[in-house]
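Right, one structure below, let's go through it.
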Amino acid sequence: MDAQTKQNLQERRKARSLVKTVINVVHKFLILLVRWLSRTIYGEHGKRMPPITNLILMESATSLATKIRTRKLTSVEVTQAFIDRCREVNPLLNCVVDERFAEALKDAERADKLIASGTMTVEQLEREKPFLGVPISTKDCIRVQGLLHTSGIWNRRNIRGDKDARAMELMRSAGAIPFALTNVSECCMWWESVNTIHGRSRNPYDANRIVGGSSGGEGCIQAAAASPFGLGSDIGGSIRMPAFFNGIFGHKPSKFVVSNEGQYPVALSEEQNSFLGIGPMCRYATDLKPMLRIISDENAAKLRLDEPVDLKQVKFFYQINDGGAHLVSPVDLDIRDAMEKVMAHFRATVKAEVKKVYLDKLRNSAPMWLANMKTPSKVGFDSQLVNLEGTINPWLELVKWPLRMSNHTLIGILTAISERSGVKYGSEEYHHYVQQKQELVNEFRDMLGENGVFIYPTHPTVAPYHNEPLIRALNFSYTAIINVLGLPATAVPLGLGREGLPVGLQVVAGVNQDRLCLAVACELERAFGGWVAPEVKA
């Protein structure tokens, strides 16, 4: 390379660096401006929850199942308690978008009759129908027979499930009773749950804040104690972000462990399918393992869920942030403090090996996810938004949106526009990020092995105000990168921060080492308290 070429290259790098700096400064100003506007419009705090008065609502799903099959409680009274709670909180939270309350009560009656008949012993019930009589909820993209199956897409507003998705079928076979369907983002591709069919869901800890997405309604119903447990799905953080924002547990399983049959939209390639996973969402860590065992079906054996985990033998690695990614928010002080307390706990109490690491490629998490999501398929987001029934003109929809003439959300329209200008499948840039992904896969494999976990923020900030994600779009990268790697990860709540909103972290392990994530989650729940009931405030 001659001197002139080197000089030109240096000048181009300086120019790019200057542009990035200017964009970052403008972005930070916008964040401050939008936060000020949000507080001005919404007020410092929104309405919070009605009090939890029925103690049944405070039980884990596992505990409820035990009490039902031993006849300390009936399935009917448990199911009725959660139905009543849904009716109580939903006018404020808008998390439930469809229900089968009457049918669920009939299912509960049948469960009680089976128990009373004595045709199966308590031990048989525990083994063959471990969640007999316990109501379960799920998000509006996982098919439930007879309930809406819209995925927040206007053109699917009248579609109903003709049968259960495979994961829900397995939960129903285990005795669980589907009773409520919860809200999602449009086409399940955004981290605030709002769409033009069902509207916006609101956070139980502060109704001015988001519930996350796309399993936001599910995170919300769990935190509000309006469902004992539920199913979510996750392609870029759609289980873990809502779990984090709502202060509950959520687990994204290892790639290819749980069937995605019965979800919409469907993965468009084997690579996308490896990112996507259905997993458990619940208030108590004790429910994660039995749920995962059921929905992983024939793949349960490879997870070795019943193999004991000695935390003293587990190697702990952690990283406080992504290293300063472009247009991604810094990690909140509350979250950093919580992570340091967790690592101090494992050093002092468990006497585990704890190591702080710095994985430089995590700075490219967002572009890596966006590039690896690309497929050779000609189906674009502009087609997904109309249920593959043609395509939309996103520029026309952008003109119609402020006039309230569009059937789509603003973020849905903007996503369709941005997709056209993003990384192209098969391009040099695409192959660059595919290569970076593989290198990062290797780094994690070498670091974690079969007895290592990686502690990392689930999200850089606590739940923002409604609409704020529009100017914090890339903050989802903290969860999305784990999908790219195909690794299991559990979102773990660690109480409330200074703003009275949940904080937490995610625990990541090697492929098929889900049991390590779950064991760490149980230990952190024991040590730090787990889910905290939302405070009552008028």
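From the backbone N, Cα and C atoms, a Cβ is placed for every residue, glycine too.
Any TrEMBL annotation is an automated prediction that lacks curation.
The feature domain 'Amidase' is assigned by TrEMBL to 77-518. For Lys139, Ser214, the entry in TrEMBL reads active site, charge relay system. The active site, acyl-ester intermediate annotation in TrEMBL covers Ser238.
With respect to their backbone Cα atoms, Ser238 (active site, acyl-ester intermediate) and Ser214 (active site, charge relay system) stand 5 Å from each other. One residue stands out among the active-site residues Ser214, Ser238 for having the most other Cβ atoms within 10 Å of its Cβ: Ser238.
Taking only the Cα positions, the spacing between Ser214 (active site, charge relay system) and Lys139 (active site, charge relay system) is 8 angstrom.
As a whole-number mean, the pLDDT of the domain 'Amidase' (77-518) in this prediction is 97. A sphere of 10 angstroms centred on the C-beta of Lys139 (active site, charge relay system) encloses 35 other C-beta atoms.
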